[in-house]
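For B:211, the entry in TrEMBL reads active site, proton donor. For B:16, B:17, B:18, B:19, B:20, B:21, B:22, B:23, the entry in TrEMBL reads NADP(+) binding site. Annotated NADPH binding site per TrEMBL: B:111, in sequence order. The L-homoserine binding site feature in TrEMBL is assigned to B:196. According to TrEMBL, the domain 'ACT' annotation covers B:356-430.
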C-alpha cells in the first residue's frame, strides 16, 4: 500500500430487508466481529436496516437500527456498503442502481434481479467504480461465482451443469429413495418448509433457470438472461420413471444445463436421467451442486447448501468481507463484469439430446417397425428398445434415442401421436 | 481507480521450472492470450524460463526464453511475477524469498514448501507488499484456498476432510470396484503414471499430510505444519478389509482429517471407513475432493482433479490472473496470511476415533469375554461385534468401537496382543 492510502477502522453497512437471509446476515455479522477486525483491520457495523414495517416485532434485533426510509440510507455518506436481501425486481433494482450511482458498494442475494438486469447493474457498478457482488444469488452458500471468475479464469469452460434448486432435489430424492409419488414428496417438502405455498417457481424449473442464466454468463463470458433459458419442470415425473431410472443404474435430477458450443450457447433446465457414477448423481436431499468442465481443469464440482438462512448469509458475508478488503486497499471494482463476448444463444429446438421415452402401444405385429420408420424419417436414431409388461392387447415400450435435435424428436412424436396403434406416450425425459 | 494510477499494458512473468506443471502453465498462458487482455487489460508475457539444463530438447518451447541463471531473472526489474513450479524445498525456498524481497509477486504449486515454510514465505510477501499465492499446492485444479480465504471467510470452520491424493484414491477405487489387491492396484497406478517409481510419499500419506497442513492452517486461521500431522498410509489395507467395508455399506478412503476442537487442532491422514452416503464416498479413481463444515455454510464440498499438467496449471493460472488484477489495481498484498490465531495442536494420542478391528482368535469359550474386559479396562466401549468364518480352532472377530481416545485403544491392543487366545489383530481402521 502506498503511504497516502488510509485504512478505515470502521466500515458501516446498511441491510435492505430482514427476512430469512437478512436475519442470517445480521446474526453472522455479529458473530464474526473479531474475524473482521483481524482479517480486514476494521470493524463492520450494521448502521441501518431498511424494513417494510417498523411496527413488526423483531426479537433479537436492535430496533434503533430500523428504518423504512430508503432515502435516509441513500443520503448517508457514512454508509459504504448496501446489502440487498429483499428479493424481487422492484424496488430492489432501483435501490441498487441508486446506491451504485451514489458510490456505495452493493452485495445482493437477488437471483431474479441479477438474471434479468445483471448487465445494467454491473455497468452501473463499473461507472461508479463500485463493487457489485452476488455470490449468494446462485446456489446459496456454495462458492461458485468467485471460483468461476478467479480460480478457473484460466479455463475455457464448455459445460456448467447444476442441481441448483433444493426443493426439487429433495422431492426427487424422496421419490427415488422412499418410493414417494411426486405429490407425496411435494407435500413433505411443504411440511418441512422447503417448498413455498405456491411451488411453481421451484417445480417448474424457473428458479433453477435464473441461476443457470447467471452461471452461464460468467462461465462463458457472454450475457445469458432468464428468457434465454428453456425450462421444464418435474411435475410429470412418475414413480414408474424412477423405477426405470433405477433399472438403468441412473437417477433422475432436475438439472440446469449450459453448454458453450461452436454454434452458440445452449441453455436449459429440465429433468434428466443421469448415470449413478456421475458426481451429481450422489447429491441428495436439498443439497445443491454445480458441475463444471473446463479445458484445463477438466471436471470440477462444487457442492453444498443452496438455500437457508445461514448458508445464504455465509455467501453474502464472504462478499461483504471482499468489499471491505477492497475498501481497505482502495481497489473496489477490481473484478467487475467479465462478459466480454457476445455469443449467440442457440434456439432450443436445435439443441441435441438423448431421450428416454416410455409409450403404451397395441400389442400387435408391426408396431415397432412403424415406430422405427417414423423415427428414421425424422433422423432420430434409436439406441435401445425394451418391451415391458406386455398384456394381451397392450405393451409398454421403452426407447432410448441417440443424440438428436429437439425439433426432430418433437416432429417424430407429433407423427407418432397420430398413429392408431400408439396409445400413449407417457414419458419423455432427456438422458445425460 | 484514482487518476494517478496507471495500468500496465504488458505484465512480464518468469517461469521457474519446465516439468509437467511448468509445461502446462506455458501452454495455458499462450492459449489464454485473448482472455488476459480482455479481463485484466494487459498482455501476459513469459519473459524468462529457468531450467536446469539448457541442452535438453524442449519441443514447442521458445528456446530464446530459457536460462539457467536465476540471478539474471532476479535482477530484471521488468519481471513482475515469478511462477515457481520446480517443487522441492531448495532452491525453491531461497529463490521465492529472494523474489519477494525484490518486490516480485510469486505464484507457486509447491506443497512441500508451503506446508513447511508457509509462514516465512507469507511474512516475506507481507514485508515486500507482494502477492504470494499457492492455490495449486492443495488439490491441484480444485479451487479450495480462495474459497476458504474469501467465499467462506464468514464461517467458523470446524472440519476439513479431504481426499487429496489421487494415486491412493485410484488404488483404493481399483481395490473396491475391481477386487484388485493393493499390490495389483499399485502396479496399475504405476503403469498409468499415477504413481511414481518410489510411491512412498503417496501410499504412506505424506503427500496428503502436506496438503492437509496447508488447508487446516487456512481453515482454522492458525498455523499447522507438516510435522504436526499424524500420517498413516494404505499399504496395510487388504481385500478382506474392502469386503467388510462393502458389507457395512461403506468405502475405504485415505482421508486428510482436520478438526478444530475446544482443546486444539486435530490433524492427521489415515484410511477410514466412510458410509457410502457421505459425499466423499462417491469420489472415485484419481479424483480429489475436500469436504468442509462451517457454522454458517453447513456442509460444502469441492471436487476435481488433484494433479496433472493442465489441472494444476489451471490453478496456477487463476493465481497469475489474480496477481495481474492486483497489479492493475495497485492492491497487491490484498489477501495475505490469515493465521491470526495460535491454537494448540492436539497430541494425536488424545484424538478420539471410532475403530474397526479384525482379529483372529481361538474358537473357544471365554475369548470374547476376555477381549471385552480388556477393552472395558481401557475405557474402550464396543459398538458392534460380529463373529465370522469360525473354523474348528479359529474364529474371526470383527469389532467396531465407539469413539475412543487413540491411546486408550493402543493400550488395549497392547494388552490383547499378549493374550494367548488372540492369534492376530489383522486390521485396525478408523471409521468416520
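Numbering starts at 1 and runs along the chain as displayed.
Yeah, the Cβs are placed from backbone N, Cα and C, and that goes for glycine too.
Note that TrEMBL annotation is computational and uncurated.
Projection of TrEMBL feature records onto the structure.
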residue	record	contacts (Cβ under 8 Å, 6+ apart)
B:16	NADP(+) binding site	B:22, B:49, B:50, B:70, B:73, B:82, B:83, B:84, B:85, B:86, B:92, B:95
B:17	NADP(+) binding site	B:50, B:51, B:84, B:85, B:86, B:87
B:18	NADP(+) binding site	B:26, B:49, B:51, B:58, B:61, B:66, B:85
B:19	NADP(+) binding site	B:85, B:86, B:87
B:20	NADP(+) binding site	B:308, B:309, B:312
B:21	NADP(+) binding site	B:85, B:109, B:136, B:309, B:312, B:313, B:316
B:23	NADP(+) binding site	B:61, B:309
B:111	NADPH binding site	B:137, B:138, B:207, B:210, B:211, B:214
Chain-internal residues near residue B:196 (L-homoserine binding site), provided their CB is under 8 angstroms and they sit 6+ positions away: B:190, B:202
Residue counts (helix, strand, coil, in that order) that DSSP gives for the domain 'ACT' (B:356-430): 23 helix, 33 strand, 19 coil
Chain A neighbours, filtered from binding-site residues B:16, B:17, B:18, B:19, B:23, B:196, Cβ-Cβ distance under 8 Å: none
Around the Cβ of residue B:22 (NADP(+) binding site), the count of other Cβ atoms that are within 10 Å: 26
Segment confidence, the domain 'ACT' (B:356-430), expressed as mean pLDDT: 93
C-beta crowding around residue B:211 (active site, proton donor), within 10 angstroms: 27
NADP(+) site shell beyond B:16, B:17, B:18, B:19, B:20, B:21, B:22, B:23, criterion: Cβ within 8 Å of Cβ centroid: B:15, B:24, B:25, B:26, B:85, B:86
